[in-house]
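What follows is a set of notes on a single structure, which appears directly below.
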Amino acid sequence: MKKKNIYSIRKLGVGIASVTLGTLLISGGVTPAANAAQHDEAQQNAFYQVLNMPNLNADQRNGFIQSLKDDPSQSANVLGEAQKLNDSQAPKADAQQNNFNKDQQSAFYEILNMPNLNEAQRNGFIQSLKDDPSQSTNVLGEAKKLNESQAPKADNNFNKEQQNAFYEILNMPNLNEEQRNGFIQSLKDDPSQSANLLSEAKKLNESQAPKADNKFNKEQQNAFYEILHLPNLNEEQRNGFIQSLKDDPSVSKEILAEAKKLNDAQAPKEEDNKKPGKEDGNKPGKEDGNKPGKEDNKKPGKEDGNKPGKEDNNKPGKEDGNKPGKEDNNKPGKEDGNKPGKEDGNKPGKEDGNGVHVVKPGDTVNDIAKANGTTADKIAADNKLADKNMIKPGQELVVDKKQPANHADANKAQALPETGEENPFIGTTVFGGLSLALGAALLAGRRREL
């Protein structure tokens with residue numbers, strides 16, 4: 001029995017050993033294939049992660065996978081090394097910013113400096129730029145719209161008066177940038193002073209306006225015209241007064257007064273002009289008008305008027321002697337002696353007898369025309385004056401004189417000397433002489449009878 005049991009035990013041991021050996025043999029023959037097909041969970045995870053690491057190149061990825069295959073027990077270590085290398089090769093955020101295209105960079109900078117975006121809005125737009133740089137222009141446009149819509153409205157704080165002042169000051173052309181900004185800041189600081197600030201701005205704008213030569217006021221224009229026609233100013237003086245008018249039109253009256261004073265001071269003296277007039281006008285007038293009158297009127301009157309001819313002498317004498325005497329001695333004397341004397345003495349050469357007038361200081365064309373019985377336009381036309389007010393002392397003007405009616409009658413009388421109508425006094429004298437002769441004949445006849 002004992003032997004039988006021992007045999008059985010031995011037989012069982014051999015069987016177990018055989019089975020074990022077979023198992024070992026079988027296991028040793030299929031190990032590489034089983035390892036490749038049946039990775040444990042750690043190996044599988046490591047394999048999957050290494051395949052999806054974006055920053056590994058192909059050689060690096062294949063090397064890590066081969067290491068996992070070679071020694072699955074080192075899967076955790078291999079995976080750790082792969083992750084480190086992947087992280088070290090990952091692109092930095094700053095580097096990405098530096099690689100933005102030009103539009104993206106510009107948009108990024110502008111959005112960062114938009115004052116009316118809050119932090120969340122700004123970060124949202126920047127993230128959109130990072131996600132899709134090709135949309136930089138659109139993202140920037142949206143950011144600008146939002147920034148403008150959230151800007152504080154300046155007009156909401158201005159009242160109507162302030163708004164008007166603000167607008168007017170902005171459009172004042174003669175203020176410089178600093179002045180304009182100063183007034184606008186004052187408007188913002190105190191809107192209640194809008195009217196006063198606007199008034200000050202207007203004054204400053206007007207004071208700095210360029211002076212326009214063609215915008216003379218009426219007073220300035222008058223002074224300008226008169227100074228141009230002052231005959232005794234030289235060119236330099238005239239230009240000086242005109243420049244003063246341009247510089248300050250408000251003192252036009254004072255400038256004109258100074259110009260007139262200087263013009264009068266430089267006028268030619270009248271002493272030289274009066275002497276010929278006195279000699280020509282007064283002395284000849286007295287000699288021609290008084291002496292001949294006395295001789296012609298009084299002597300024949302005395303001879304004729306006592307005995308025979310009271311009737312003939314007095315009546316005709318009064319009519320013929322006095323009236324003609326007055327006409328001949330006084331009127332012609334005044335005309336020939338006094339008027340020409342005044343004209344020759346006071347206004348030198350107003351008329352020299354040949355229809356020529358010599359201009360004296362103070363003369364105007366209108367005055368000359370009135371004195372000579374013509375018109376200013378006629379004088380201007382005859383002398384080809386461009387401006388009838390532009391005449392100078394000493395200038396000779398042709399005057400087409402129209403004589404008064406009494407002169408015309410005198411001329412007619414002078415044109416008929418044969419009839420005795422030239423001078424009524426001559427007719428009276430002849431008549432008186434005949435009367436005397438007749439009286440003398442009668443007187444002689446009576447004496448003979450006696």
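Yeah, the Cβs are placed from backbone N, Cα and C, and that goes for glycine too.
Checked against Swiss-Prot, the range among 170-190, 191-211, 233-253, 401-421 recorded as region 'Disordered' is 401-421.
Annotated by Swiss-Prot as motif 'YSIRK-G/S signaling motif', the relevant range among 7-18, 43-54, 103-114 is 7-18. Remark: secondary structure over the repeat 'Immunoglobulin-binding region B/C' (212-269) totals 41 helix, 0 strand, 17 coil, with classes taken from DSSP.
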